[in-house]
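Everything below concerns the one structure shown next.
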Amino acid sequence: MSLELEWMPIEDLKLPSNVIEIIKKRGIKKLNPPQTEAVKKGLLEGNRLLLTSPTGSGKTLIAEMGIISFLLKNGGKAIYVTPLRALTNEKYLTFKDWELIGFKVAMTSGDYDTDDAWLKNYDIIITTYEKLDSLWRHRPEWLNEVNYFVLDELHYLNDPERGPVVESVTIRAKRRNLLALSATISNYKQIAKWLGAEPVATNWRPVPLIEGVIYPERKKKEYNVIFKDNTTKKVHGDDAIIAYTLDSLSKNGQVLVFRNSRKMAESTALKIANYMNFVSLDENALSEILKQLDDIEEGGSDEKELLKSLISKGVAYHHAGLSKALRDLIEEGFRQRKIKVIVATPTLAAGVNLPARTVIIGDIYRFNKKIAGYYDEIPIMEYKQMSGRAGRPGFDQIGESIVVVRDKEDVDRVFKKYVLSDVEPIESKLGSERAFYTFLLGILSAEGNLSEKQLENFAYESLLAKQLVDVYFDRAIRWLLEHSFIKEEGNTFALTNFGKRVADLYINPFTADIIRKGLEGHKASCELAYLHLLAFTPDGPLVSVGRNEEEELIELLEDLDCELLIEEPYEEDEYSLYINALKVALIMKDWMDEVDEDTILSKYNIGSGDLRNMVETMDWLTYSAYHLSRELKLNEHADKLRILNLRVRDGIKEELLELVQISGVGRKRARLLYNNGIKELGDVVMNPDKVKNLLGQKLGEKVVQEAARLLNRFH
């Protein structure tokens, strides 16, 4: 697993001088050991490689060299695939450098019902696994020109949610030239063989990692730390996290603390903030961040106020409940070393590149959602992802990763399980009906008609054991035929019109089946019923429902004005999802009725990030339901769902639909205009002074011009 530490001078690369110049401009004079090894294994000759190495070991530059050398020799296009939108943006900014030598770089994510024909003009495309999967289903011609794929963060194959789509994309991508990049994985030889690639495996890190465990001593407020090399040290403080955080800050380090829930992340951040008076902070830099925070429109007032009080002390929390703009601000403040401590949930470890001198893992247990009162230990991969964030190149000589345990008895076990063990082997996540049926539907959509043998061969190319493929394959074909997603044409299987629409919309076949049954069995219904139906599907958003809240929702069910489109289920799990869907529907109803965002957040106990994600998912599902109802010729439903989709997208009452077509006019500005007598596009054009008065000179002028352009287009 370890490599001889060889550093290759940039000048020794068999690459044109203009390519070498771009790399040099970044201050890189030599390739590090993983990069050197990749070049020695034929990266620049287009050899298929699987590179596994820790976070921060320079994998992106390996991808850049692979793509650029391949395109210079062979022409065509290359696609770089990441599991997260935040990473897509990060990689796009890096790859923009190559426009200096004539390559056109583009980024695409979201909006699954399109073939993105505009990408035919680009050479290097950065996207997500889901987006690429959806593009293949639409069969755009430009995709045939792509002959080099970089599959980033391939260890996401093991992710229960994202794994199936990563595997689906990999099965198709491995039929062409590829470079796969991953965090350290234990069965890398097996995965390399599956990819038809040569493994390049290394544990090299730019900053050495020191791992340890902290536990309480008998003496009050004293904590002992044992490191992997058996050295020890003592720290003092009100609890283990505070003690080690203050110790690291006293050495001018930054600290990333991981907690297992949002509540814990927020309360720990508040606790740490109380001790920051002893830490030297750049108050001017922090007040600059606070000014930027005031300018951010997204986010609830309460979360902004809490963040303000924390950031003023050099601390912040970070989790998916925060809006993207707030998360971005916190990340940038930390990168610039203005914010000293971030307390986050583990999602941060899997996402953007945000190293710190010290990582403190506050919990190795996580609440089990399926069994009340039961806690699971976190996977080893999650521990490695979190600890891998320790040590910032260019700032830190070492990185420290410390796990908090309750007592001395836990120390040995935690060392053996997390510090000294390999991560779990990667296994297929296509082994469920939901994942496997979606996979087959996607293959037929991308490939066109296939014989049973051809379709089966695609399934055999997965990581799933052959016996399991046989079981799922027969079951899937039977179900997809019975539910009219596919049909037999001679000796081949083909998608029905309905099946093709489902594949193009990029929704799960079980979601489509629930929507179809709900619509076909009922006349046009109320908004809440449609929202509830869509939230109840496998693709619907999940939201946390407290016990008291659940009782209130059950009572509310009995008093609804209109009939829901799904019968109450008997099974406990299904019933729980049914209640969850009702909460989502109520949130969306308030959003569409223009209830103030702060009110929604406090009423339903959610974060602004949750609301944004919910709106995005329900926008996609209402759009999909509208198109399915048209396909099924359910015109009454289609009319209702079209309006519902537009209202969900912008969070508006129906009367504002015309105004929000204007770029720069969202729910608040549209309501302001409407309440002041500007109700249609024509009113905007006819009353320019009034519009400028309401929206400000600069924006008002733009809005009037845009309204005039829209009017001309319509007439």
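Cβ atoms are placed via backbone N, Cα and C, with glycine included.
Bear in mind that the values here come from a model prediction, so they are computed numbers and not experimental data.
When secondary structure is read from DSSP and collapsed to three states, T60 (ATP binding site) falls in the helix class. There are 18 other CB atoms within 10 A of the CB of T60 (ATP binding site), with all protein chains counted. The ATP binding site feature in Swiss-Prot is assigned to Q35, S53, P54, T55, G56, S57, G58, K59, T60.
What Swiss-Prot records for 40-203 is domain 'Helicase ATP-binding'.
The annotation domain 'Helicase C-terminal' is assigned in Swiss-Prot to 236-442.
Computed over the motif 'Q motif' (8-36), the whole-number mean pLDDT of the model equals 96. Taken from Swiss-Prot, the feature motif 'Q motif' applies to 8-36.
Taken from Swiss-Prot, the feature motif 'DEAH box' covers 152-155, and the record attributes it to sequence analysis. A Cβ distance under 8 Å defines the sequence-distant neighbours of the motif 'DEAH box' (152-155), meaning residues of its chain 6+ beyond its ends; these are 50, 59, 63, 80-84, 87, 91, 166, 170, 180-183, 185, 191, 381, 423, 426.
Long-range neighbours of the motif 'Q motif' (8-36) within the same chain, counting only residues 6 or more positions beyond its ends whose Cβ lies under 8 Å from a Cβ of the stretch, are 44, 51, 53, 57-59, 61-62, 65, 68-69, 72, 97-98, 100-101, 200, 202, 204, 206. Residue counts for the motif 'DEAH box' (152-155) under DSSP (helix as H, G, I; strand as E, B; rest coil) come to 2 helix, 0 strand, 2 coil.
Those same-chain residues not listed among Q35, S53, P54, T55, G56, S57, G58, K59, T60 yet with C-beta within 8 angstroms of the centroid of the ATP site C-beta atoms are N32, P34, I62, P206. Within the same chain, the residues at least 6 positions away from Q35 (ATP binding site) whose Cβ sits under 8 Å from its Cβ are M8, G58, L61, I62, M65, listed in sequence order. Applying an 8 A CB threshold to same-chain residues 6+ apart, the list for P54 (ATP binding site) reads A183, T184, N203, W204, R205, L209, G388.
Mapped onto DSSP classes, the motif 'Q motif' (8-36) shows 16 helix, 4 strand, 9 coil.
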